[in-house]
Amino acid sequence: MSMLFYTLITAFLIGVQAEPYTDSNVPEGDSVPEAHWTKLQHSLDTALRRARSAPTAPIAARVTGQTRNITVDPRLFKKRRLHSPRVLFSTQPPPTSSDTLDLDFQAHGTIPFNRTHRSKRSSTHPVFHMGEFSVCDSVSVWVGDKTTATDIKGKEVTVLAEVNINNSVFRQYFFETKCRASNPVESGCRGIDSKHWNSYCTTTHTFVKALTTDEKQAAWRFIRIDTACVCVLSRKATRRG
């Protein structure tokens, strides 16, 4: 604040020295009229009041290992390039039914941040017909307590668990999918010929845009989350006799 004050004073003094005064306006040798200084003081007071009342940039502060919720402009969520079907901001937990998780969850108190053509996502691999099974078993849940994550540069960042939007606290949820077990059956992946193949199930990742903070600067960043369970195969070495 003091820096702004000194800057305004300096700018004015430079302007006073550079202003071409006429004889009829300010006679040579006379000081600047008191009314002029009064006008200057009024201008400075107005500038300082505006500086004090101007909203500061949102900075997240860490308290006991957690991050305080920060105020976010709701217009920020209208940028389509930031949309992800796996990220949700809500004042209440998303539905967690055993059959499906509705990604178009639009109950009161939810930011329509994740609109997508995929209206529903299964929380577990479904069995469509009798006798059909998944090679790997997975489970999908909304994660609302994520505090840290790895960004696309491989750097660990702090995830903003909560943000303040229009004086309401919204929690940031991530829809994550991971493997139930690395070996659904004793030999590895289900349905794989273990005589010729080694196999195991593993969780894969993708990057989504999320609100994070790093070195007290809040910003959108790509972070890595679990998104699928796949089977990894490797051919067994054959002995040549």
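Placed from the backbone N, Cα and C atoms, the Cβ positions cover glycine too.
As given in Swiss-Prot:
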BINDING   Arg171, Tyr173, Lys209  1-acyl-sn-glycero-3-phospho-(1D-myo-inositol) binding site
BINDING   Arg171, Lys209  1-acyl-sn-glycero-3-phospho-L-serine binding site
DISULFID  Cys136-Cys201  disulfide bond
DISULFID  Cys179-Cys229  disulfide bond
DISULFID  Cys189-Cys231  disulfide bond
CARBOHYD  Asn69  N-linked glycosylation site
CARBOHYD  Asn114  N-linked glycosylation site
SIGNAL    1-18  signal peptide
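Per Cα geometry, Tyr173 is the residue among the binding-site residues Arg171, Tyr173, Lys209 nearest to Cys179 (disulfide bond). Taking Cα separation as the measure, Cys189 (disulfide bond) is nearest to Cys136 of the recorded positions Cys136, Arg171, Tyr173. Nearest neighbour of Cys231 (disulfide bond) by Cα distance, taken over the recorded positions Cys136, Arg171, Tyr173, Cys201, Lys209: Cys201.
Sequence-distant neighbours of Arg171 (1-acyl-sn-glycero-3-phospho-(1D-myo-inositol) binding site) (same chain, 6+ apart, CB under 8 A from its CB) are Phe89, Ser90, Thr91, Gly144, Ala161, Glu162.
For Cys136 (disulfide bond), other Cβ atoms within 10 Å of its Cβ number 26. Note on Cys229 (disulfide bond): other Cβ atoms within 10 Å of its Cβ, all shown chains, come to 24. Its own atom aside, the Cβ of Lys209 (1-acyl-sn-glycero-3-phospho-(1D-myo-inositol) binding site) has 17 Cβ atoms within 10 angstroms in the protein chains shown.
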